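Below is one structure, written out as C-alpha cells, with a few remarks after it.
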Amino acid sequence: MLAYMIRRVFQSVIVLLVVGLVAFSMFRFVGDPVDNMLGQERTQADIERLREQLGLDENFVVQYWRFLEQAVQGNFGLSYRQGRPVADILVERLPATLELALVSGLIALIGGIALGIFTAIRKRGIAANLIMTGSLIGVSLPTFLIGIVLIYVFSVELGWLPSFGRGEVTDLGWWTTGFLTVSGLKALILPAITLGLYQMTLIMRLVRTEMLEVLRMDYIRFARARGIRQRSIHFRHALKNTLVPVITITGLQLGSIIAFAIITETVFQWPGVGLLFINAVQFVDIPVMAAYLMMISVMFVGINLIVDMLYFAIDPRLRVDRKGGH
Amino acid sequence: MTKTPVLSVRDLIVEIPTRRGVLRPVDRVSYDIHSGQILGVVGESGAGKSMTGNAVIGLLDRPARITSGEILLSGEPIHQLQGEPLRRLRGKRMGMIFQDPLTSLNPLLTVGEQLTETIQEHLGLSNADARNRAIAALEEVGIPAARQRIDSYPHEFSGGMRQRVVIALALCAEPELIIADEPTTALDVSVQAQIIALLKRLCRERGVAVMLVTHDMGVIAEAADRVAVMYAGRLAELGAVRDVVMSPSHPYTAGLMASTPLASIGQKRLRQIPGSMPRLGALPDGCAFHPRCERATDQCKTGGSPTIASGGGRAACIHPLPAAKSEVTQ
Ligand SMILES: Nc1ncnc2c1ncn2[C@@H]1O[C@H](COP(=O)(O)OP(=O)(O)OP(=O)(O)O)[C@@H](O)[C@H]1O
Ligand SMILES: [Mg+2]
C-alpha cells in the first residue's frame, strides 16, 4: 500500500509539472510579456533591461525551473490588469468559490446518493420513473440555462431570492464567509443548486446503476436467503459495495464542480475565482490565467489522491498489509 | 413413514410467462425429505433443479412463479407466504447454500459481522452472546482458530474455508432444512469431499433435512439417502440411492448412470445418451424423454406426460426397466 501511495504521489507531481509547463508556455507564447508590461513609449534599452530582469534571455529549461520555484511559493507575479500580486487576488476570491462549491457538492452528493438509492430499490415505482426522466432533462440542459430559469422564477417572478452577488459577507480576517448572514445564505441557494444539479443527476444515475448491479450479486441473494431484513440488505450490504466505485467518480466530480463554477459564477456574478478567470481571459491577464490553471490542477490532483485513500478505507481487499490466510 | 417430513413438495409447478408462451421449468414435482435425511437432486443442466430449490425457499426471480402445488415445511404450507413472514422463515427454519463461495459472502463485511447479523436477526441475542455463538458456529464447521479468524474478511479465507463459512452462515440459526445448490462444484476436488462430509455430519448430528443439488453422481452415492432425477422440469425417478444407482428404473436414469464414471458400479466404458434435452419451449408430447429413448413406443409419444404416480412406482415411465434386468443392460 505504501508503495502504491508513493507511486500515486509521484504521478501527481508529474501531472502538476505538465500543467505547470502549459501555464508557463502561456507566458512565453501568448503575447510578449515585455510588450504587455511596458507602455507605448518604450525604448530598446527598456526592453533589454526588462528582458534581463525577467530572465527571458536565459534558456527555456532554466526559465521553466524559475517559474516553478516561484509558483511553489505562491508567487505568480503581478496581474496585468490590477497591478497587484496575483496570489493576493486569488486568496481574496477563493472563499466565495469554495463556499459555493462546498454547498453544491453537498447538494449533489446527498441528493444524488439518496435519489440513486431510491430509484434503485423502487425501480418499478412511478416516482422513481419520474425522477429518472427528470434527470435526463437535468443532464441535457446546459448549466447557464438552468441558472437563468431559476433566476427568472425565483428572483424575477417570485422575488424570493437575489439574482446576483454574494449578499452580505462576514470578514473573518483570513476568510470571508456568507454562511453567517441571512442575505449571504439566501444568495447561495440559487447558484449552489445551479452548480450542483448536473453533478447530482450524474451521481444519482451512477448510484442507481451500481446499486442495481450490486443487488444482483450472489451475496445479496445469500443475505436474502438468510432472512436479513430489506433495510439492512439495502443500506448495509448493498450501499457499501455501491459506494466503492461511486467514490472515484464523485471525487472527480467535486473537482469539476470547482471548474464548472466558471459558468455559474458568470451567470450569477458570483465574486469567486471563476468570474476572476473569465474577466482575466477578456483582458488577456496571463498571470491570473496561469495561476488559476495551476490552482485548479492542484485541486484536481489533490482530490484524486484523497479519493484513492478513501478506497483503501472502504475496501478491505485493498489493504494488503493484513495477512491473507489460506 | 408416519413422521411428518421436514419438507414436503406436492405437485409443484413453476411457470415463466414469456412472449412465446408459458414455460414450465418445474412441472408437477413431488418429493419428501425427512429429518436427518439427504435428498440428492440430479439432472442435466437446465433440468430445473435450481428452480425447484429456489421455489422452496421463496427466491424465484421474476417472472418465474409458483402457479400450483404445495410446499409444506414440517406440515405448514409455505408456498403462499410473501414479504415479512417469508423473510422470518428464511435463515431461521430453512437455509440455502450456493455454488460459489467466492461470491456468496459480502466482501466488505467481516465474517463475524455477517454471522452475528444473521444470528441476532433470528435469535435476538445480545452482541456478546451472538458473537460467542458465531465463534461456536465457525468451530462447528471446522474453521481453525475461529476466535481469531472471526474478524477476518472473506477474501482472507481460501475457497474451501469460505464454503465452510457459508455453511456456518446457513446453519447458524439452526434451520430444519438446508437447500444446497451444487455446494462443491466451484471447489477443488480435494476440498469437495471435505465439504460433503461436513454437510453429512451436520445433517446427522442436528437432524437437518438437506436437499443436495449436484451433477456429481459420486457425491450422490457418497452422501445422499434418496435421490431425485429430474429431466426437463419433471421428476423422472425418485428412490433410495442404492436402488436408483444400482438398478435404475427410468431409462433416462440408466443412461445417466451409464454416462457417469463411477468406479463403484464397475462399468467398463462410458456411454452417452444420444441427442440432448429439449428446450422448455419445445417439449415433445407425451414423455419428454421419448425422442432419446430406446424403449419408447407410440404410447410414450402421445397423451399426457407420465408422472411418478401415473408411472406406478419409482419412475415416471410407461415402460420402466425391470429391477433385475437393469444390471444386465450394461
Ligand atoms: N427468465 C427465464 N426465462 C426463460 N427461461 C428461463 C428463465 N429462467 C430460467 N429459465 C429456464 O428454466 C430452466 C431451469 O433452470 P435451472 O436453473 O433450474 O436449471 P438447473 O437444473 O439448476 O441447471 P444447472 O445444472 O445448469 O444449474 C432452464 O431450462 C432455464 O433455461
Ligand atoms: Mg442450477
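Note: Cβ is positioned from N, Cα and C throughout, glycine not excepted.
Caution: TrEMBL annotation is automatic and unverified by curators.
The shown structure was predicted, so the numbers you read here are calculated from the model rather than taken from an experiment.
As annotated by TrEMBL, domain 'ABC transmembrane type-1' applies to A:94-311. Positions annotated as transmembrane segment by TrEMBL: A:12-30, A:100-118, A:130-154, A:174-198, A:243-270, A:290-314.
Tertiary neighbourhood of the transmembrane segment (A:12-30): same-chain residues 60, 63-64, 67-68, 71, 284, 286-287, 289-291, 293-294, 297-298, 301-302, 304-305, selected by CB-CB distance under 8 Å and a gap of 6+ residues from either end. Here the transmembrane segment (A:174-198) touches the transmembrane segment (A:100-118). Their Cβ atoms form 3 or more pairs under 8 Å, with each pair 6 or more residues apart. The largest share of C-beta pairs under 8 angstroms with the transmembrane segment (A:100-118) comes from A:243-270, of the ranges A:130-154, A:243-270, A:290-314. Long-range contacts of the transmembrane segment (A:290-314) within the same chain: residues 1, 5, 8-9, 12, 15-16, 19-20, 22-24, 26-27, 71, 76, 86-87, 90, 240, 243-244, 247-248, 251-252, 254-255, 258-259, 273, 276-277, 280, each at least 6 residues beyond the stretch ends and with a Cβ under 8 Å from a Cβ of the stretch.
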